[in-house]
Amino acid sequence: MANLLEHLVTLSFLLVLQISVISAEYGFVQINPSTKTLSNAVDICTAYNSGFKAFPTHASPLAEWFEVADTYPDLGCHPHVNNSFNKKIVIVKRGNCTFAEKAFHVLKANGNGVLIVSDDGLAVPDATREDFETINISVAVITDESYKVFQTLKTTVGLVNIRLWEYAINVPRHIDLNLVIIWFLAVITCAAGAWAQGNCRVKETQQSLSNDNEIVENLDLNVNVAQSILFFVMSSVSILLMYFFYDYLVYVIIVVFCYVSALAMFSLLHSYLKYSPCYIRYKIPQNNIIFLKNRPSVLGILLFLLCMSFSVTWAICRKKWFAWLLQDILGVGFCIYMIKAIRLPNFKICTLLLSLFFVYDVFYVFITPLLTKNNESVMVHVATGGSGKTKEELPMLFKLPKLELLALAKCTELPYSLLGYGDVLLPGLHVGFCATWDFKTSAKSMVKLHSYYIAAVLGYGIGLILTFIAMYVMMVGQPALLYLVPCCLLSTFFVALKRNELKDIWNAETVISTPIYKELVPESDENIESLEPLNSVKDNLLTTK
């Protein structure tokens, strides 16, 4: 129980976001230091969201360009009293309030667009559906390096002589390669973690039936109804804490993620290496040190230090151009380990847990704008970096640079496609149950081999595709569990209905204390009757017996 509570507390902070890919486009702001010719125009890269107002993809005569109102370093978080911008593009600084608030104040002051200067690279100017319906001016983000280019031109020719034109690259509509890669990454990670859970259950059961002294995994991680509700409540509390205290808790999340992801990576590698003769040959000498008195292998200690070093390297370099690759590697290990370790014993618990987080996603994305003072989504606020003071991003996301936008060479950094770990992990727990149930029943009929597992993986893949389609059509970041939960649960429901096993899986008990492979052992085997439920398991990850 203690181990389960530890996992739930960690997950509640690391999985406060299930929001999927945020809709965004990338284009240019063309700065012209002359009111008579376009020959000296300068392009700077920008990120914008067509949910506010789409950038045009065509050139425009100089007469239609916009004048500029430079209020930087003003944050634009308060109404521009006694100030009418007369259809100008207004420049403000990022921070202290949402993108939508800045745009709303410019709109009320008769501005035609807002250009937000970010000193932490390009950021996606996202908002709620209500904000998109209310604000009909362009909202774009540029870097502070780009603003310095503007300042140089302003000093040279004067602000009154500068004009701006915002435009987008006319990219032909095609399948987004990034979404394809993220889809495969998410599906493979989910499937691998679920398969590891089922396969681990096989080894545990075989060892329990043979009275083996060493148990492969910790068995105190089976979730019940009360714990499912507790997980839901802790996640809700966590996202509210992040909403109000983002600038402080984001560093806590980064530290926790480093520690947990390193342990997850070590645990996965250790579980595959600990039986290798080379791995266990050399052990440290006899000692009385608390964590070393069981004489772990020297290579095991080196592996642990290597995993911790990998995680710390990501933390130190998390704002470098290559940090996304390190984060994705840590994320894959983290998700597989958690899916493998946390087990849902039956379809009833699967339905309860996923339904709770279905409500969680819908509430914090679509309902909270009706309750907050600024009509902003709590989920979107946290996902886009809170108030923006720290310029830190939450790490529990798969990130992939947008490959189709390599033409944006003028950008200071490539934009990313994002997918939250929760969109992989939570459905993965359900797929893990399906894998375990298949291992339990597969001996009865080879035709039924892994049918629940395959159906659940297919349901997850289809749900993710529906998420991407909804994001593309609505041009708004989507809570992926809104689509993943029905697809995953319905896939299992229909297979169970077809096989007349709905009642069986609804109240199943796929835990080690009730051996799931009892039907694989001959009934005459006297060892089965003498088996006692396992009450406690002590498994030191650094110990190799």
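Glycine is no exception: its Cβ is also placed from the backbone N, Cα and C atoms.
Heads up, TrEMBL stuff is auto-annotated, nobody curated it.
Here TrEMBL flags 73-145 as domain 'PA'. TrEMBL lists 1-24 with the feature signal peptide. Sequence annotations record features per position, and here TrEMBL assigns transmembrane segment to 177-196, 229-246, 252-275, 296-315, 321-339, 351-371, 418-439, 451-474, 480-497.
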Could you give the number of helix, strand and coil residues in the domain 'PA' (73-145) as assigned by DSSP?
18 helix, 19 strand, 36 coil
Summarise the model's confidence over the domain 'PA' (73-145) as a mean pLDDT value.
85
Which sequence-distant residues neighbour the transmembrane segment (451-474)? Criterion: at least 6 residues beyond either end, Cβ under 8 Å.
20-21, 23, 176, 179, 183, 186-187, 190-191, 194-195, 198, 423, 427-428, 430-431, 434-435, 437-438, 480, 482-492, 494-496, 499, 505
Do any residues, 6 or more residues outside the transmembrane segment (321-339), come within under 8 Å Cβ-to-Cβ of it, and if so which ones?
7, 11, 14, 185, 189-190, 192-194, 196-197, 257, 260-265, 267-268, 310-311, 313-314, 395-401, 413-414, 416, 421, 424-425, 428-429, 431-432
Answer with yes or no whether the transmembrane segment (351-371) touches the transmembrane segment (480-497) by the criterion of at least three Cβ pairs under 8 A, sequence separation 6 or more.
yes
Between the transmembrane segment (229-246) and the transmembrane segment (418-439), are there three or more CB pairs that fall under 8 A, provided the residues in each pair are separated by 6 or more in sequence?
no
